[in-house]
Ligand SMILES: NC(=O)C1=CN([C@@H]2O[C@H](COP(=O)(O)OP(=O)(O)OC[C@H]3O[C@@H](n4cnc5c(N)ncnc54)[C@H](O)[C@@H]3O)[C@@H](O)[C@H]2O)[C@@H](O)CC1
Ligand SMILES: Nc1ncnc2c1ncn2[C@@H]1O[C@H](COP(=O)(O)OP(=O)(O)O)[C@@H](O)[C@H]1O
Ligand SMILES: [K+]
């Protein structure tokens with residue numbers, strides 16, 4: 001798992017590191033890596049490095065210091081470097097001296113450049129960019145390499161509330177910060193390169209993690225020699241209605257394809273589900289469904305009295321439940337419904353922002369913080385959907401799944417996700433990990449289904465085997 005650390009944690013690690021390594025050495029290591037990325041981008045965009053032009057946007061702190069030192073390293077490779085100082089009297093003195101010694105130019109006006117380095121502000125960024133910095137950023141048209149993070153984005157939330165740098169590449173130090181993985185900041189970061197400058201051991205346990213594909217592969221259930229259809233977990237799907245049978249088909253299909261266990265469907269779309277997924281066992285009600293090891297409840301269920309009864313029955317069944325869509329709305333409208341749940345029954349809630357607002361209040365700009373808080377309050381794993389999916393457990397664990405494309409953003413796609421989660425819950429997987437692994441495979445299936453053109457949710461279902469194969473081949 002790759003870690004994500006908040007700025008407080010990075011600061012604390014930094015202080016510990018400074019007791020054994022001088023700050024200037026860390027800065028030079030950071031700057032050297034920035035220079036390497038700038039050179040690579042220059043080579044990619046202009047076919048060379050020597051003789052190319054780089055402008056450094058330099059703020060008053062160490063982020064600007066990194067940029068100035070990076071400029072000094074680039075001078076050694078024959079690059080024409082100009083530093084644009086936002087606060088000339090407060091620019092990092094050592095960095096400025098190093099750049100001048102190396103033959104770099106220094107000014108206050110933006111110059112033509114092949115690549116721009118953003119050293120305006122880093123970990124100490126507070127609020128939107130100040131007007132002078134904002135004006136400078138808005139005039140940049142060259143590709144940008146951001147130092148540590150794209151200036152204008154909040155380091156701890158990824159929120160952007162004004163003009164901000166949109167980088168091709170962000171070079172960050174020690175580990176990712178929330179800005180690199182959630183919110184608009186994650187998109188503004190571009191491709192994120194994490195450089196080890198010797199902070200690693202000081203950082204400690206991360207505040208959030210990103211699942212690697214190999215970890216998803218290891219966790220994904222595959223049948224062993226002694227398994228049968230029951231031992232792998234039976235998934236119950238209580239979804240769909242006469243008005244929305246499609247949701248039942250999509251959620252059941254995802255569960256059928258996710259693992260080799262059995263899927264039982266319970267609801268008024270039984271006929272449609274049976275026709276599309278003959279391997280499932282479809283009945284008209286949860287009571288008639290038989291034993292399952294997990295339930296998926298909510299997609300297309302409707303928010304009426306019948307739906308309410310289904311949610312209560314499923315929550316009281318004593319097996320893990322994935323609560324999605326209409327079931328979230330029902331629980332939000334009538335919190336007494338939670339009483340049906342035995343407190344030890346694991347629940348995974350999968351809201352999009354509007355559903356989240358109903359059940360836990362507005363998401364706001366801190367997606368990780370809001371999801372973690374909701375998971376604690378509700379005593380459930382909460383998966384907040386979006387381009388970056390955030391999954392929090394009641395014990396405070398958080399993982400983020402960053403989508404590489406927005407193809408999953410299509411109608412019915414959430415129903416597919418809930419079916420995947422249900423199947424993993426039935427296999428006995430830890431609910432937090434189940435939600436994370438499902439989000440990963442879901443996004444990959446959408447990418448495979450789309451292959452460059454929009455793909456409907458039913459095609460995402462069809463691509464689940466290819467996604468699992470691809471994950472397991474990693
Ligand atoms: N984490 C680490 O161990 C290391 C950190 N280094 C660098 O040090 C940086 C942090 O440096 P500092 O703590 O000096 O602070 P920064 O350089 O992040 O920011 C400080 C300056 O930015 C201004 N500023 C804050 N918010 C602003 C806004 N919204 N608009 C415009 N200006 C704003 C502040 O007034 C201050 O002058 C990191 O981001 C990284 O680039 C590196 O030198 C290597 C080591
Ligand atoms: N911009 C986006 N980029 C990537 N994935 C997205 C984006 N927007 C939504 N998604 C994903 O698409 C799915 C949509 O689910 P949902 O909103 O419940 O749709 P529906 O209710 O139509 O099934 C979720 O898995 C979500 O994380
Ligand atoms: K920056």
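Note that Cβ sites are derived from N, Cα and C of the backbone, with glycine treated the same way.
All chains included, 28 other C-beta atoms sit within 10 angstroms of the C-beta of residue 148 ((6S)-NADPHX binding site). Following the DSSP three-state reduction, the secondary structure of residue 148 ((6S)-NADPHX binding site) is coil. Annotated (6S)-NADPHX binding site per TrEMBL: 62-66, 122-128, 148, 247, 300, 352, 415, in sequence order.
In the three-state DSSP reading, residue 63 (K(+) binding site) counts as helix. What TrEMBL lists as K(+) binding site is 63, 118, 151.
In the three-state DSSP assignment, the secondary structure recorded for residue 387 (AMP binding site) is coil. The Cβ of residue 387 (AMP binding site) lies under 8 Å from the Cβ of 186, 187, 402, 403, 406, 409, each of these being in the same chain and 6 or more residues away along the sequence. Feature annotation from TrEMBL assigns AMP binding site to 385, 386, 387, 388, 389, 414.
Here TrEMBL flags 10-205 as domain 'YjeF N-terminal'.
Annotation source TrEMBL lists domain 'YjeF C-terminal' at 212-471.
Listed binding-site residues: 63, 118, 126, 386, 414. Those with a CB atom under 6 Å from ligand 3: 63, 118. The most densely surrounded of the binding-site residues 65, 386, 414, judged by C-beta neighbours within 10 angstroms, is 65.
Residue 118 (K(+) binding site) falls within a strand segment according to DSSP.
Mapped onto three states, the DSSP output places residue 414 (AMP binding site) in helix.
Same-chain residues that are not part of 63, 118, 151 yet have a Cβ within 8 Å of the Cβ center of the K(+) site turn out to be 57, 59, 64, 67, 119, 120, 121, 122, 125, 146, 147, 148, 149, 150, 165.
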